[in-house]
Amino acid sequence: MKTFNPDAMGEKLLRRFAGGTSRRGILARLGLALVAAPVFPVLPVSRASAAKPDRSPEAKTTFARNAQSKDDTKCDYWRYCAIDGSLCSCCGGAVNRCPPGAEHSPVSWVGTCINPDDGRAYLIAYRDCCGKSYCNKCDCDGTDRETQLYVPQLNNDVIWCFGTTSMEYHCSTAVLVGTA
Amino acid sequence: MMKIQGKPSLSVMLKASAAAVCALGLLGGMPAAHAADPLQPDPELEAVTLPAPKPSWVFVERGFVVPGNAIYDTDTGKMLGLVEASTLSDLALDPGGKAFYVSESIWTKGWRGTRQDMITVYDANTLKLKTEIAIPGRILIGGRKFNFVIADAGKTAYVYNLDPASSVNMVDLAKGKFVKKIELPGCASLMPVTGVGFSALCSDGSLATVKTAGAKPEITRSAPFFSATNDPIFDNFGYDGVKQQAVFLTYTGQVYTAKLGATPTISEPFSIQAAAGVAPADTKPLDVHWYPGARQGLAYHLGTGHAFVLMHTGEYWTHKESGTEVWELDVAAKKVVRRIPLETPASAIAVTQEASPKLVLSTEGGEGDRSALLILDAKTGEQKFKLERSGGGVLRTLEP
């Protein structure tokens, strides 16, 4: 006679689960989720205030009024509205990629910048490239909505090389996360 | 046959020179050696030592790339020495004048290897290493005065840490030992509070006060009084350890004074622009005003209660722009008593705590050009020294 045996049921479930998965598989899925995370606008910074966005020239900062979208090796490139440091695009990397041998910091400070082509505000993650000495080329310092150390995620002076092998700062990228 | 014109040989030249020297000696009537005794060899070399630190000294952090803190005497314009330090380190001065403390981070293999965080202690007289106090971490950032502060008349140090959670490491300087880590979520920029611990500015617009003596630190917060995202307080503010008072300045130029203590009190703000008789500034785009700014834009003279603020004209969100004028603000009287125009915009300002104070300014450096250090008479604005290639990051002077 079959009796209710939660222990056996649990074992069966776990065995089935274990047979159909691997540690690597879980790691891969977790990794995918981690990599994909920045694609979703998971950091709704300034969302509330962006409810009724006014993108007229009168509402834009000096930086936004003068920003361009053609040359990402110049400080006035639109994504750099709150960047600070050397541009990775001048150091052998790209606007969103580290130069050879440098390591992307998994965390970053953020900015909300307006694209001059479509007038939309985008959330930009300024991810430092780490593990090499200071590039010291194309030094830029965008200060739109940049605040002080007690709001570190909006402060661009902090060395954001957390979670990397080395905390030596090399240069900064400007990764587009999504619309703000 | 072509004759090859050869160069005179070395021996010929030597002979000619020797003859000339002899002839000169004869012409002079007396050999040169008899005119005066020859110079004596230098004695065994010993490094120069420093006198006790003086209020006229300024310590100049040499910036993001060049490490170390250069010491200048504002009376003479001379560099006196260098307090060794790694890049992104913080300097603090022992109120007793016996030591200089450097809160720093180094790695065992240069820029890689095992990270080591410590307070490095240098003898104030010889500038030689005295000891190291290991700490479990500290923030890496440039240009801040209040990430490493000394409290309790030199007995305690507080080191701010961001990893990226926010905390403070408490260090017993007398015993040379790390004491404890205090979690401090959402707050930074430390000001020692006598008999209590420290206060810090917070992202909710409040001032947190931390009692550090007990087994479990006790954190209380004031009511929020400023907007940390719309009109933040510059984290290089004015601090008076003796009167236990802080002077806060916001991006738009609002000035608050805080009486520090277990329960701090914060004044109603006033506008620095209104105090100068010009239009108060706001946060609206396209509105051009005088704004405070720069990397270290405020210096506070404790004896007079006057703040010296770097000001520039422009729109809002230009808070890092260098100052084209220094405004001397009598904080208690809420009045700007002097405006000093600058020939070259300045990114940092300090004031010596002398009875007749001097202003120290670091000017903007161009591409590949290190900035200059200007030393002005604070009463007249007259420039006393311009030291080329001597400017830098945080400027510090001795405080009582």
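Glycine is no exception: its Cβ is also placed from the backbone N, Cα and C atoms.
A TrEMBL annotation is a machine prediction, not a hand-curated record.
As annotated by TrEMBL, domain 'Methylamine/Aralkylamine dehydrogenase light chain C-terminal' applies to A:68-178. In the predicted model, residues of the domain 'Methylamine/Aralkylamine dehydrogenase light chain C-terminal' (A:68-178) average a pLDDT of 97.
If you take the C-beta of A:C140 (disulfide bond) and look for same-chain residues 6 or more apart in sequence within under 8 angstroms, you find A:C75, A:Y80, A:I83, A:D84, A:G85, A:L87. DSSP assigns A:C140 (disulfide bond) to a strand. Residues or ranges marked as disulfide bond by TrEMBL: A:C75-A:C140 (among others).
According to its DSSP assignment, A:C81 (disulfide bond) is coil. Residues or ranges marked as disulfide bond by TrEMBL: A:C81-A:C113 (among others).
Here TrEMBL flags A:D84, A:N156, A:D157, A:V158 as substrate binding site.
The disulfide bond annotation in TrEMBL covers A:C88-A:C171 (among others). A:C88 (disulfide bond) falls within a helix when secondary structure is assigned with DSSP. The Cβ of A:C88 (disulfide bond) has A:A94, A:V95, A:R97, A:C98, A:P99, A:A102, A:C129, A:C135, A:H170, A:C171, A:S172, A:T173 as same-chain neighbours under 8 Å, each 6 or more residues away in sequence.
Within 10 Å of the C-beta of A:C90 (disulfide bond) we count 18 further C-beta atoms, all protein chains included. Taken from TrEMBL, the feature disulfide bond applies to A:C90-A:C138 (among others).
Per TrEMBL, the feature disulfide bond maps to A:C91-A:C135 (among others). A:C135 (disulfide bond) carries neither a helix nor a strand DSSP state and counts as coil.
Positions annotated as disulfide bond by TrEMBL: A:C98-A:C129 (among others).
When secondary structure is read from DSSP and collapsed to three states, A:W109 (tryptophylquinone) falls in the strand class. Among the features that TrEMBL reports, tryptophylquinone is placed at A:W109.
Per TrEMBL, the feature active site, tryptophylquinone 6'-substrate hemiaminal intermediate maps to A:W109.
Marked as active site, proton acceptor by TrEMBL: A:D128. According to its DSSP assignment, A:D128 (active site, proton acceptor) is in a strand. Within the same chain, residues at least 6 positions away in sequence whose Cβ sits under 8 Å from that of A:D128 (active site, proton acceptor) are A:G85, A:H104, A:S105, A:S108, A:I159, A:W160, A:C161, A:Y169, A:H170, A:C171, A:S172, A:T173.
Taken from TrEMBL, the feature disulfide bond covers A:C130-A:C161 (among others).
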Neighbour count (Cβ, 10 Å) for A:C91 (disulfide bond): 23
Recorded positions, contacting chain B; criterion Cβ under 8 Å; candidates A:D128, A:C135, A:D157, A:V158, A:C171: A:D157, A:V158
Rounded Cα separation (Å) that holds between A:C90 (disulfide bond) and A:V158 (substrate binding site): 21
Neighbourhood of A:V158 (substrate binding site), C-beta criterion under 8 angstroms, separation at least six: A:W109, A:L149, A:P152
Distance [Cα-Cα, Å, rounded] between A:C138 (disulfide bond) and A:C91 (disulfide bond): 8
Counts by DSSP class (helix H/G/I, strand E/B, coil) across the domain 'Methylamine/Aralkylamine dehydrogenase light chain C-terminal' (A:68-178): 9 helix, 37 strand, 65 coil
For substrate: widest Cα to Cα gap among A:D84, A:N156, A:D157, A:V158 in Å: 9
Proximal but sequence-remote residues of the same chain as A:C130 (disulfide bond) (Cβ under 8 Å, at least 6 apart): A:A102, A:E103, A:H104, A:S105, A:C161, A:T164, A:T165, A:S166, A:M167, A:E168, A:Y169, A:H170
